[in-house]
């Protein structure tokens, strides 16, 4: 049992006693007190309304523990009715006062086994008095100077936190770079005053205790500022951390540093003997180490700096630590008369001292006990040495306890827990080991007998010092009863077992070594003979590690044909299956084993140590070290390269072209200059290709002049006087070096003089040559090459590129326009001849209403060199002006003289009415009332009828100049759908739509509305009760 006290291992030294031994045989367990709850230090506010303080103490023990308490080292009298009450093991202090109750408390827990002492708990009383009632003197300084306002906090315990008010609550002073409130003294510092600092200041001090918070305010002190001093001042550190700061490991450490100065100084921190740890939080005037460690010990420097100078202060952080256990004692059982050594060790700074307690009392050296710092030694233990022991480690920062129970035993030999085995089987010719381990204290003297014969050591029989009997080279004559006799001064005991000799286990067919290829199957045979009265089992190991036959997807299978056969089959052998196989046949009394070696041949392993050297522009020398050949000689190597980060591995050309298996270096050819590469090596043998090596380190080949000409040379377009040349930018793999660009050569076709232009940058893809002498649409011969800082590359083939076109110079002639409907007109013209300004693409027609300005004209272009066009979307009965211009890629040319055209009046807006029809056996006659146009509508020259029956979904169009029409129809037509509309110079009118039904050979009007305007030319709608037939996109 190990126990912790004081936040560190509290190890009750458990020594089993006769009572503990009896527990193993079924009687109740007895053990000394083990703390489960110990008192904690308490900070009690003097003004608290709480009426009591509770210090906890609870220990596990059998029999249960009783409790006592000490205050300041003196045992307390806990009498009924007093202010100090014992509740369970807890101490309750009623109406605590500082004068009577402040001090150090310890709990003592006892039972018949012994006593242990708890850690110390300190009861302290916290308080915060009021500030002095005296008025505070005003503080005067010049504006621009620094100032300190003292807090002068009242008496208090423990420490306080501080804030400052300006004029009224809650107008707190901000924590900016100009103001600083020291949390050490409470003083307020202003690095450089200004007019906004005028006012009355009060210091707010706050005390934080375990379960209460209290704040008090000082009287206000007035800050007055005299005339501004605009001079600049070097920094002067006013709030400075001490020369030495002591801290415990794990505590937060805060160093303060603040300076006066104009301008306001900047604060910097550094550790003189090292760099600041990155996890530190550094607000400007403070350096905070959240959890200090020994590595943080050292000298720190604060520097205040402004444009006028600097000031520094240094101080040392000294880190110390409470005691912490390195080694503790544990519960121990020891035999009477034996020796015992216990040890405790603790770390801490200063180094802790270690002392010992027995049953709560100090233990010093005496007769058989030697106390030497952390060592406790017993000579010839006696029963009275049993009890509870504690080692106590302490320094000025704290005390820790480790506890353990020592149980000294005195027992007559007893075999009840560990008798000699009743039946002891052994193999003929083998060896048997029979332990004799009675429980006894002190240790028993042991004798062995076979039958009535006392055994003594011989060449075959040995009785070891601990009483174990060993018999070698066993034969049938060794069978019989064997008895172990044990004796000490407390008594005697014996235990007997019967030795039975069995036939030895032997391997009758041993596994044979084998040499196989990767992927082969192999069976290793293993047969054995054994004593038939016992079970035989086989186990296999590979290189002394047991083989797991139950592993999912494993390669091993076991033969279960017969108990004496333990063959092992390896399926789809892998390289890892090579090694030493051991078959072991065993019974409960003995075992036999045989070994065989399996060699698995396979493709080579990965080569290692790939190194690149002799780096050129297109070649490198690659070296590697041989990997495992996996028992089949390496036949050849293959080298691969890739361009990181995303390039794929590709085989490279090499010198020599075929790399033999004994090579360890080769030259790589055909690389791209100025390109990043990684390389790897793959080995092959007769059994296949192995895994590749790891990639080499990344290298970059040397630069070289470009070796490929740019492609995609073309051009044209642009502004007048320009020649634009385009090309495809060259990708990174063709640039071959830094400082990449393009060199362009061009000349007017027929000229002998080439002009050149240098275009820097790999991403450049065009060049504009601008010169007033460049005539429009002039052919130029152009060629291009690339360059880098190593030189120029090859030149491309010559391409023909034309300079920019200009607008056509000639206008079309003989423009004629005529309205052909209410929304359309036809326009014709004479074509213009091709000129030198460019290639004509077509003509642009501009048209505008008479009375409008030409700038408002609409435009339509032909897609080719047609000399006529129909313009639609016009207003009816409207006069238009029309001009025509030729256009090319540069724009439109001059306008033709304008022509005029007037669109037709619109068609009548009324559909034909009063439609009737008559079916004959083979025809359909339809009549309607004529449509008479109004004065503002165009004449009616005829009618269009769209007819569709239920046998043919495709409609047919019929024309007539009369107000009736007869069309042939099959006799089996039952339904038809008809649209009728006017036509004339103004176009087609609005259609009327009827649904015709043959019914007993008589005429029949459509139910409800038989004749009406169609809602949309693309849909035919019927209100008839007869099924509606839809026609898609009917356009007359």
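A Cβ is built for glycine as well, from the same backbone N, Cα and C atoms used for every other residue.
Within the listed segments 890-916, 917-943, 944-970, TrEMBL records region 'Disordered' for the stretch 890-916. Matching 690-715, 716-741, 742-767, 768-793 against TrEMBL, the residues noted as region 'Disordered' span 690-715. Mapped onto DSSP classes, the domain 'Ig-like' (413-500) shows 3 helix, 46 strand, 39 coil. Counting residues per DSSP class in helix, strand and coil order gives 4 helix, 47 strand, 35 coil for the domain 'Ig-like' (39-124). Mean pLDDT for the domain 'Ig-like' (39-124) in the predicted structure: 93. Outside the region 'Disordered' (890-916) by six or more residues, the chain places 720, 776, 804-813, 815-825, 827, 829, 832, 837-838, 844, 846, 850, 874-884, 926-934, 936-938, 940, 943, 963, 978, 980-992, 994, 1003, 1005, 1010-1014 with a CB less than 8 A from a CB of the stretch. For the domain 'Ig-like' (323-407), the neighbouring stretch richest in Cβ pairs under 8 Å, chosen from 39-124, 129-218, 606-704, 709-806, is 39-124. Shown for the domain 'Ig-like' (235-318): DSSP residue counts in helix, strand and coil, namely 3 helix, 52 strand, 29 coil.
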